Amino acid sequence: MTSVEPSSSGQPFGSKVTVYVVACWIFAAFGGLMFGYDIGISGGVTSMDDFLKKFFPAIYERKLHAKENNYCKYDDQLLQLFTSSLYLAALVASFGASKACNVLGRKPTISLASVLFTLGAVVSGTAPNKVLLIIGRILFGIGVGFGNESVPLFLSEVAPMQHRGAVNILFQLFVTIGILIANLVNYAVSSIHPNGWRIALGLAGVPAIFLFMGSLIITETPSSLIERGKEIEGKEALKKIRGVDDVESELEQIKLACEISRQVKHPYKKLFKRASMPPLIIGISIQVFQQFTGINAIMFYAPVLFQTVGFKGNGSLLSAVITGVVNVLSTLVSIVAVDRIGRRKLLLQACVQMFISMVAIGSILLIHLKPTGSLDKGLAAVVVVLVCMFVMSFAWSWGPMGWLIPSETFPLETRTAGFAFAVSANMFFTFVIAQAFLSMLCNMRAYIFFFFALWILIMGLFVVFLLPETKGVPIDSMTERVWKKHPVWRKFMGKEVVKNYEMT
Ligand code: BGC
């Protein structure tokens with residue numbers, strides 16, 4: 001497939017999608033599998049009795065005698081903190097990863113991520129005591145921090161502009177596949193006693209090994225090479241990832257971005273200047289909002305909802321498979337749609353669908369689900385459909401866009417630093433929601449769904465008024481073509497520059 005794309009100056013860039021190019025995209029996307037596998041595996045492992053008996057015997061005892069109802073599931077903050085320690089480690093690590101991306105490049109940072117994650121799998125899977133178990137968890141976290149920082153950036157930088165959305169969303173596609181696989185593994189190992197949990201944690205090494213092998217094959221991104229003064233290698237890399245020899249006009253644009261970038265000695269200082277605020281605010285908000293859609297709460301609560309339909313024993317498996325498959329398939333929709341209809345329309349459509357789903361689930365539960373007892377079968381089936389509608393719309397919008405938009409909106413000089421803030425915002429709010437959700441559910445009951453609906457309304461307004469469209473804009477022309485043009489954000493960019501831009 002050959003295509004031509006316009007540069008910011010209107011000149012076309014040529015590109016061809018070759019086998020090597022596609023291999024680079026897919027290998028890097030294995031970083032998403034690592035992250036997704038971990039999201040899916042943690043909850044399952046920490047609810048396995050063998051695991052609790054070995055590491056958290058007191059919690060196991062309490063769990064045996066805990067009374068549960070539909071809204072107040074047994075909850076242990078310490079156990080939750082153990083699960084969430086990964087997100088805290090990843091939060092801190094993403095800043096180290098940003099430095100590594102700048103100094104070493106994207107490719108070695110991806111290798112490092114896979115090595116750290118593999119170590120995490122080995123240490124966690126073989127842990128004889130709590131200390132090593134926690135060390136394993138932290139290694140996983142650092143691996144996720146390094147992977148989530150470098151992989152989306154890598155994908156956005158190597159993708160030809162007109163396919164950038166689709167290529168970047170391969171990361172999220174692999175996240176969803178990872179979640180699905182992990183849920184199936186959880187189910188399969190839950191009957192293997194006493195070491196099923198070791199298999200589940202150890203298997204996390206598999207995607208990491210794939211990522212490591214892939215990281216040896218992929219090329220470094222041209223921007224990263226040229227920024228570090230390696231112009232000849234940068235040009236060769238550009239030819240490789242474009243599949244054509246004539247890359248001059250795109251090369252010029254990258255060189256210009258690198259020149260500006262090289263003048264910036266302190267990216268973090270620059271990031272807090274007024275002119276850097278627009279992408280920073282957007283990058284962080286989009287990730288915070290992604291978590292406030294309530295996706296992880298819904299996925300977590302889904303097994304309980306599914307059990308009320310009547311699938312008592314298999315409720316968890318069934319919900320994991322149904323929501324997991326819906327999640328994967330709907331992410332494919334966004335791969336096809338994102339570069340055609342754009343980021344904004346997908347996000348807005350999803351806000352409407354998610355809002356309706358949340359309000360409808362909340363209303364049904366509020367009226368019909370008492371703390372004990374269950375829903376009428378017909379209504380429960382409606383709730384299941386609504387959960388799928390919710391997951392579906394998240395999967396083609398806020399899920400992938402949370403990673404895509406922050407990775408493509410920063411200029412090169414603040415890209416890795418700014419993206420680190422977006423990644424850590426995701427990690428922090430995943431942690432906060434995981435930590436608070438069960439107590440919120442217990443106290444707010446069905447109203448929690450209205451709480452998330454309110455957030456969805458706010459994020460819809462945010463998209464309408466503040467989020468610019470980045471579809472079809474070359475990654476190194478965002479400042480000129482996006483930020484300086486936006487009615488709100490242009491005010492941050494400085495008068496003189498806006499004037500110059502208007503003249504061109
Ligand atoms: C989010 C995760 C979420 C997953 C669901 C990711 O983009 O960051 O928090 O669990 O999507 O597919």
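Cβ from N, Cα, C; glycine included.
Automatic prediction, not curation, is the source of TrEMBL annotations.
As annotated by TrEMBL, transmembrane segment applies to 17-37, 78-97, 109-128, 134-155, 167-185, 197-218, 280-304, 316-339, 346-367, 379-398, 419-441, 447-468. The annotation domain 'Major facilitator superfamily (MFS) profile' is assigned in TrEMBL to 24-471.
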* Asked: Does the transmembrane segment (346-367) make contact with the transmembrane segment (197-218) through 3 or more Cβ pairs under 8 Å, each pair 6 or more apart in sequence?
  -> no
* Structure fact -> Lying 6 or more residues past either end of the transmembrane segment (78-97) yet within Cβ distance under 8 Å of it, the residues of that chain are 38, 42-43, 46, 52, 56, 59, 109, 112-113, 134, 137-138, 140-142, 144-146, 148-150, 420, 423-424, 427-428, 430-431, 434-435, 438
* To do: Could you tell me whether the transmembrane segment (447-468) and the transmembrane segment (167-185) have 3+ CB pairs under 8 A, leaving out pairs under 6 positions apart?
  => no
* **Per-residue pLDDT averaged over the domain 'Major facilitator superfamily (MFS) profile' (24-471), given as an integer** => 94
